[in-house]
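Undergrad: Here it is, the structure in full.
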């Protein structure tokens, strides 16, 4: 089994308990980070009528937050799609949001027309894409000129110190144990800290975005560098 297929199968296995585990393990902070990202994009992008796709959508958390943010910012979502390669995750998403179109596909091969989107989001999923640069090129292809890409991701810590040490201890020791209890799959939650450590630094990822045809608009670090928000415009 190829690396990407193994990752997809892992998410299939933890899909039934994914939402519960996320809320507990992040102490609800992931919802706050998502809301801040969506609201920031809505404030930067001036069009009122929007076509949005959420890639690696999982169980659909971002779909709901996009809808809430549009209502709050007096925007109109003409169409919103959720795309994910995990059938298990999509089964949960479809139950939660029966009126939303969900598509089983990978980020590196999107079944979307070129220049068809205003906004594309991917939250805590880009580090799980093996062909990441191909995926970024796909994001640029499906976005209209001036369209917005927003990426939320766990990134490597850039500073040492007590807070960084606490973060590492939590990720490597506490999170896998609690995640394993909730999901009955400890190895899936051991994968998380390893995937973060194997991901890019902030500067490296920004360079990849630029090479894919994007211009950075905003960057923000949340919760002492635990999570990072990248907002970029397609040139």
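Quick reminder: no glycine exception, Cβ is built from N, Cα and C everywhere.
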Undergrad: Quick check: of 84, 168, which does Swiss-Prot put in the same S-adenosyl-L-methionine site as 59, 123?
TA: 84
Undergrad: If you measure every Cα to Cα distance among 59, 84, 123, the residues said to bind S-adenosyl-L-methionine, what is the biggest one in Å?
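TA: Of all Cα pairs among the recorded S-adenosyl-L-methionine binders, the widest measures 12 Å.
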Undergrad: Taking the Cβ of residue 59 (S-adenosyl-L-methionine binding site) as centre, how many other Cβ atoms lie within 10 Å?
TA: 26
Undergrad: Long-range neighbours only, meaning 6 or more apart in sequence with Cβ under 8 Å: which ones does residue 84 (S-adenosyl-L-methionine binding site) have?
TA: 55, 56, 57, 58, 90, 93, 102, 103, 104, 105
